């Protein structure tokens, strides 16, 4: 069934960030975030609201946020979109602000991209938010199949076009994959009508304001690393296709099924030790 | 009996017609209003005789028919008012009235002959039937009726007439028959004029000429106007720049008929359904769902409210009523002044099929502005609905992010010239003579050959030129034609800001779209430049003896394809032909060339919206080329080059004028760069 036929829609927010065009480096909609907004519009229509934590003085950021608001067309109602801009400076930590805001506004479903295209781009915001709020998180989501007041059924994208169906309890955070439906055009009129509301009255503990980890970092431009070429020696078209379509070249994994949670945890710990991710003494 | 009845009939018809006319004016004034300056109605007669009639006169037979019918009617009506209406039964006036009616009768016969449907002369498909077919009969009824009732004034009495008519009927019955015929004529000609019958065209057309939104089109003394005043060239200025859109307005573009300017609604209402636009429209010929004539009638339906059920011409291909659709008849599309146009009244595909080639506008005897209306509606779709066709939307996104529609790195705009050491204007603070504007063809490998040829020619001519390099952005042409006025204005403002930093005497470009936008459309945003298309500039180089070419090694037949944005938009027909003449090749003209050139199908974003049809427009154009027997088609536009080269082989060679010249160029001794003076704009028809 299409998501719009869902009877009840939980309060939904899409978190968006400023994208960076791969050729020109100009700010614009981020590809995955735009897909998250598209998914939200398809799910709850004009009820969707957007959120971003950033510097309200930044003009190019404003223009970029307007581009997301420009997607509010073709909906039942013509009011224009709303975006809450949580004011902060570049040194501040976005996570506590976003968490406080989400908690305060009674949101039950958060859609966002997997990773920002500029700034730290660590891909951690979703996990940190979910951890702080105690919510579930699903990443690499390609589509929402069904949504009601208590749970959401999604399709998660796996390598080689495989999909996995997940049913997740609400509230939850969904990180949208780049294979999700392409975002609709951003139009000038709706962008002009959309409102950006500045949020400054979040109750935050003072130590949560500044990004403490960031202060000690050293910054340098990223270097492009050479990529290993994958030479496929096969005369067989099917093999060549599979090799070309494969996302991961991991070959020595195992698929474990029908384990109890304890057994599964033991296996994982053993694997992490073997890979030297965990020191032998860690528990 | 008739003597008492006639004034009553005439004045009743006038009064009824006037009431309808007032209602009609109210319908037009539903549009966005500008003050109605009644004084401008005085402009009408001159505009009719001078401008409108000269377009009608491209079809000589029809022009004579119209002069007889319309002239006869106006004279007969005025005289009838005096003679029958006010009862001044002067035999001389009566004689004139008889003559006028007779002339109108002859005209009406010609109208009927044109509309006959016989195996040897099939009914012309461009015409409409229905009320228009009825009109041809009504013209006979009116002229005949007026003639017969006016006979007594010059001495023929009903008594004489009885001799002519079967005596059994008697004078009384004859008078009743005569009165009925006359009533029919009066109803059609006077009442119908006000109440939306086919004669509406005379009334709305007069107002439309007076209140036309582009008065420059009628201005013979305009600096752009053609120096020649012959019948079939454009007389006034080519007012072809799109109107800028106020981006702070409440609605962007046209959603519903009432969003049009009232002069536009008036213009639609003036349509005579002559179908000249239909027969020149490349999209219609290709079977894409656009018939400009039907589109204008759709707008009239929207303005007046109702459905298109009463339309009796050809429809939009692929749609109900279209020539190739099983579903006969109209009535599936409805509209009202405050109802959205798309998709109930006009389907989006119809608007996206237009190549903005202006063939319809050029051909329209009523001087209706089809392209303005289409772009207005596209503006709403793009700016408010965000429903630009997929590839068009991608091009717009790229323009926003990278300043070119391909999403390419703007710094690679000069990659094709890496070995040419083209001077940058940034290194020439003292200024240059020519700023070479590359356009987006700079990213296209085919067009890069043209640009290299052009650089070779400029060097041979000793021209002092430079380029902007990566500081050049797309002119915004495609964004504007796709309806994205916001992106267009942003690009225009940035380009104007860039150009204001450098000094140059003029801009030369090989891209007619850039030529048009920089030269004609940037003015509204504060950018006034002298812009030359490369064909004009090369012709000037030949004129000045600055370049010389070798005679062709073997005889070659070349035909020239006029780009819409160079020819119809900017009136440059002569320079490209001058260049070909200078090359010494045999030039054959296609049947449709000059101001009637057929579009290549690549303008107005049509190559991006790519609306499917029965045929491809460039294939049809290539067929025109083949018919001439030419082995090479000379082009002067990157878009035309790309579209025509998309036609499958075997086909004639496609070479840009610059390539043809560069091939034949004789390298001179190094010349000293000199600043040449610009010659006045050329607007001449090919011989």
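Using N, Cα and C of the backbone, Cβ positions are placed for all residues, glycine too.
Not measured: the values here are computed from a predicted model.
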Practice task
Examine the ranges B:32-51, B:92-111 and name the one recorded by TrEMBL as transmembrane segment.
Solution key: B:92-111
Handout entry: Range among B:67-86, B:207-226 that TrEMBL annotates as transmembrane segment
Key = B:67-86
Practice task
Tally Cβ pairs under 8 Å between the transmembrane segment (B:92-111) and each listed stretch (B:6-25, B:139-156, B:168-191), then give the stretch with the top tally.
Solution key: B:139-156
Completion exercise
DSSP assigns the residues of the domain '4Fe-4S ferredoxin-type' (B:262-291) as 17 helix, 0 strand, 13 coil
